[in-house]
Amino acid sequence: MKRISLTQYLVEEQRLHNTIPAELRLLIEVVARACKTISHSVGKGALGEVLGTAETENVQGEVQKKLDIISNEILLEANEWGGHLAAMASEEMESIHPIPNRYPKGEYMLLFDPLDGSSNIDVNVSIGTIFSVLKAPEGMGEPTEADFMQAGSKQVAAGYAVYGPQTMLVLTTGHGVNCFTLDREMGSWVLTQRDMQIPAKTKEFAINMSNMRHWHPPVKRYVEELLAGDTGPRGTNFNMRWIASMVADVHRILNRGGIFMYPADLRDTSMPGKLRLMYEANPMAFIVEQAGGAATDGKQRILDIEPHKLHQRVPVFLGSRDEVAVVTGYHQG
Ligand SMILES: O=P(O)(O)OC[C@H]1O[C@](O)(COP(=O)(O)O)[C@@H](O)[C@@H]1O
Ligand SMILES: [Mg+2]
Ligand SMILES: [Mg+2]
């Protein structure tokens with residue numbers, strides 16, 4: 001097999017589609033390098049003293065794990081001096097992080113969930129990093145939160161790294177989705193899957209069933225019909241998987257199809273769902289659509305949502321497009 005590195009792939013893409021100018025390529029390479037560093041930390045586990053809880057809470061009121069903080073710092077540090085960014089924003093930081101004046105600035109803005117699936121860190125189950133790249137608005141002065149308030153359809157790149165049995169990087173720049181596997185001996189990302197496609201049909205769903213009693217009627221109806229199997233209205237049996245790391249659940253869906261759901265529920269109406277639009281829903285929706293799948297909040301396409309705050313949460317239904325259409329349809333009636 002001819003080995004194609006991440007850099008070779010990005011250069012080739014620029015030649016073919018003219019969508020990855022050198023600045024963006026360098027930015028993606030820096031993010032990929034940071035993910036490699038995070039992967040090393042994750043892999044050390046107890047030996048690197050990276051497991052367990054820190055003494056702090058993040059802006060969402062969630063207790064931070066040591067690896068949440070370590071990963072956030074790795075991404076900040078790697079990207080600060082590259083010269084490609086105007087500002088960054090992270091799930092783990094209350095406000096945006098403009099590039100300090102001592103460094104050169106660029107025209108992109110980077111958003112990330114530095115460590116996704118935090119509840120799985122200490123039990124050695126797959127976790128990941130999710131990132132999204134936006135263009136800084138034309139003529140932008142000192143960056144503010146308002147500059148980040150762009151719909152997901154404006155993303156110029158999005159991706160995730162999954163730290164599992166293998167470390168992989170899945171990337172889209174708007175021309176399909178490709179997957180790179182980290183060659184741990186060589187330290188390089190090697191293209192291992194081109195043009196990933198999510199089958200339109202599936203018999204596998206992913207949802208945290210323990211919340212069922214709190215769901216709104218459309219979600220309840222949809223899942224009850226799946227659970228009814230071949231004796232119910234769907235006339236077929238469905239299987240369920242829930243890893244509790246969005247990255248790992250989405251990675252499975254990219255490989256063999258499925259529908260992933262994290263709905264809003266009746267418990268706290270001020271919190272529309274758990275997942276964050278800017279760091280989780282938007283980048284994953286971009287990737288899923290680029291792989292032929294669909295992503296909605298039950299009512300509209302996630303990529304069309306106009307954000308109003310950095311840490312905004314949204315309901316998420318994504319994956320195989322026929323199933324996303326069914327559950328989205330149940331929300332219309
Ligand atoms: O614990 P629950 O309610 O099943 O939630 C699991 C979901 O929460 C998340 O872990 C949220 O991500 P963080 O770990 O980045 O907070 C998703 O990855 C996952 O899908
Ligand atoms: Mg997350
Ligand atoms: Mg996180």
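Using the three backbone atoms N, Cα and C, a Cβ is placed for every residue, glycine included.
Mean pLDDT across the domain 'Fructose-1-6-bisphosphatase class I N-terminal' (5-193) comes to 93 in this model. Sequence annotations record features per position, and here TrEMBL assigns domain 'Fructose-1-6-bisphosphatase class I N-terminal' to 5-193.
The DSSP secondary structure for D113 (Mg(2+) 1 binding site) is strand. Marked as Mg(2+) 1 binding site by TrEMBL: E91, D113, L115.
Here TrEMBL flags D113, D116, E280 as Mg(2+) 2 binding site. Long-range C-beta contacts of D116 (Mg(2+) 2 binding site), restricted to its own chain and to partners at least six residues apart, with a cutoff below 8 Å, comprise I127, G128, T129, I130, Y160, S245, M246, V247, E280.
Listed in sequence order, V125, S126, I127, G128, I243, A244, S245, M246, V247, A248 are the same-chain residues at least 6 apart in sequence whose CB falls under 8 Å from the CB of G117 (substrate binding site). Feature annotation from TrEMBL assigns substrate binding site to D116, G117, S118, S119, N208, K274.
Among the features that TrEMBL reports, domain 'Fructose-1-6-bisphosphatase class 1 C-terminal' is placed at 198-331. Shown for the domain 'Fructose-1-6-bisphosphatase class 1 C-terminal' (198-331): DSSP residue counts in helix, strand and coil, namely 59 helix, 21 strand, 54 coil.
Checking the binding-site residues G117, S119, N208, K274, E280 against ligand 3 with a 6 Å cutoff on the Cβ atom leaves no residue at all. Neighbours of the Mg(2+) 2 site: apart from D113, D116, E280, residues of the same chain with C-beta atoms within 8 angstroms of the site's C-beta centroid are E91, F112, G117, G128, T129, I130, Y160, M246, V247, L275, R276, Y279, P283. When secondary structure is read from DSSP and collapsed to three states, E91 (Mg(2+) 1 binding site) falls in the coil class. With a cut-off of 6 Å between Cβ and the nearest atom of ligand 2, the binding-site residues D113, L115, D116, N208, K274, E280 reduce to D113, D116, E280. Shown in sequence order, N120, A244, S245, M246 are the same-chain residues outside D116, G117, S118, S119, N208, K274 whose Cβ sits within 8 Å of the Cβ centre of the substrate site.
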